[in-house]
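Encoded as structure tokens, the structure appears first; notes follow it.
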Amino acid sequence: MASIGKFRWITRRFTTHPSAPLRICVVGSGPAGFYTAEKILKAHEKVEVDVIDRLPTPFGLVRSGVAPDHPETKIVTNQFSRVARNERCSFFGNVCLGSSVTLPELREMYNAVVLAYGAESDRSLGIPGEELAGIYAAREFVWWYNGHPDCRNLDPDLKSTDTAVIFGQGNVALDVARILLRPTAELARTDIASHALAALEESSIRKVYLVGRRGPVQAACTAKELREVLGIKDLRIHIQPADLVTTPVDEIEMKNNRIRKRVYELLSKAVTPAHAPHPGQRELHFVFFRKPDKFLESNDRSGHLGGVQLEKTILKGFGDGKWMGTYFHNNVTSFFNSEVQRLSLKSIGYKSIAIDGLPFDSKKGIVPNIGGRVLADASKDHMQYETGLYVCGWLKRGPTGIIGTNLYCAEETLSCISDDVDKGVLTSNSPKPGRDGLLQLLDSRNTRVVTFDAWEKIDAEEKRRGNLKNKPREKLTMWEELLKVVRERLSGTPTDRYAYILEKFQAELQTEYIQIVILVQGFDHALARCQRIFTNSIHHPEPRILVGNCYG
């Protein structure tokens, strides 16, 4: 049976276990998931937490979303790794909610389930031509250069045009612009995916347009991200002078919002003096008060993007400090014609995906909830909650905020869980199978589970390959490649594997409780499960017989 980290085992107890722990499953191993797991483990000493993820690799947005030239942001993975190594926590990768295991099955096996699987889809512009080749969601492009296995084969055409148009002016849009414009010699020292670096080294892109429907005062980016893209060496910055003219309302907004004032000041000072760019000089154009009306097909490449038609917008306020651009119907311009524009990226927001058995607000793209408790029916006058079902992160509040925002989001969700524990809504009086039940189910479905120990093998291999290229790591970017590394790193002769297991657990075996272990078939890919079994045995004050089947 081809599996990674699988171990079917039976436990015979000679004494009765004093009390079953509360078992909680967290779906999603990004910042929201790991912050939630950490908070639960710290707040409740008798809780076991399992974190599952559809990818073989943990850390979600930190690995696949944070730009490769932002290594300081990724340091948080050290904190998440400590959580995963907690004796009361397990990570199970390559487990997809909906296919590997369903939500009703998880709720049956655990006392509580926290959904924190983020947003893996994209909002649509809903305009003609959006299906043309050459138009991508910014999420896809970010996943491509970050080595996400789902977008390994995206292959954006960076050679046949010198112009890229990005719709949106938030931090993700600025990240994408920076990757397109930054010298590749600088990117080569980061953990950018090798296929993306190779494409960028041959890129013809020299002009990037950041198009927003609102004005510079309302730009959605932070000053830090803006300062970084403006600081690219020998970059020419273009902004139409008319777009920088402020209104009295703008002045009030900047007076009340220090961040927006700082963003406006940076943009105002960044404009390059008007003179002809030297050959090969890269350009960044900020285009305000415009929205796309339709994408135009190329004249010489059927089915491919050739240009985009824009509409001019004006600001419309909602009285709550929020603004949106509404357009003039009769002011349409073909801003980018079919001779130059063949790459467009939509950075207009991520969107979460609904799953079977889960209440979902498709308009807002979130799970209906109050403070993290999932609502069974939000339309009724009397709010009804789904017992034992919680939500955190973008699935809870929408795709907003930075990584640290999830810390506060997790605290709020934990407050709901703790309150339900105190009130007896969540109780372990009726024991749930939890981890053991999940692993048995996944084993029966031939799911190749990747444990945290197995991930550390991937991690070590990526760092080894990166060291050869003077990079922090060389990411493995294909599903089978990731799983193959785990299999190879855990393989070896039976004697080697026996010796490795015994050496690793020599300290744990020094215990006053008798451990009788019967090993069947071999140790291929079973190290992580063995570790969990030994740990459980040692920390429960009862002798056991463990009967294990390890599959290679």
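Any Cβ shown, glycine's included, is placed from N, Cα and C.
The FAD binding site annotation in TrEMBL covers Ala32, Leu61, Leu97, Trp394, Gly401, Ile402, Ile403. Annotation comment: TrEMBL describes Gln169, Gly170, Asn171, Val172, Arg213, Arg214, Glu225, Gly401 as NADP(+) binding site. If you look up TrEMBL, you'll see 23-185 marked as domain 'FAD/NAD(P)-binding'.
For Asn171 (NADP(+) binding site), the nearest of the binding-site residues by C-alpha distance turns out to be Leu61; the candidates were Leu61, Leu97, Trp394. Here the Cβ of Leu97 (FAD binding site) has 24 other Cβ atoms within 10 Å, regardless of which shown protein chain they belong to. Taking CA atoms as the reference points, Leu97 (FAD binding site) and Val172 (NADP(+) binding site) are 27 Å apart. Here the C-alpha separation of Ile402 (FAD binding site) and Val172 (NADP(+) binding site) works out to 11 Å. Largest Cα-Cα distance over the residues recorded as binding FAD, namely Ala32, Leu61, Leu97, Trp394, Gly401, Ile402, Ile403, equals 25 Å. The binding-site residues shown are Gln169, Arg213, Arg214, Glu225; of these, the one with its CA atom nearest the CA of Ala32 (FAD binding site) is Glu225. Per Cα geometry, Gly170 is the residue among the binding-site residues Gln169, Gly170, Arg213, Arg214 nearest to Ile403 (FAD binding site). When the binding-site residues Gly170, Gly401 are compared by the number of other CB atoms within 10 angstroms of each CB, Gly401 has the fewest.
Long-range Cβ contacts of Glu225 (NADP(+) binding site) within its own chain (separation 6+, distance under 8 Å): Asn171, Leu174, Asp175. Around the Cβ of Ile402 (FAD binding site), 12 further Cβ atoms fall within 10 Å across all displayed protein chains.
Around Leu61 (FAD binding site), the C-beta neighbours below 8 angstroms that are at least 6 residues distant in the chain are Gly30, Pro31, Gly118, Ile403. Every protein chain considered, the tally of other Cβ atoms within 10 Å of the Cβ of Val172 (NADP(+) binding site) stands at 26.
When the Cα positions of Gln169, Gly170, Asn171, Val172, Arg213, Arg214, Glu225, Gly401 are compared pair by pair, the longest gap among these NADP(+)-binding residues is 20 Å.
Counting Cβ atoms from all protein chains shown, Trp394 (FAD binding site) has 28 others lying within 10 Å of its own Cβ.
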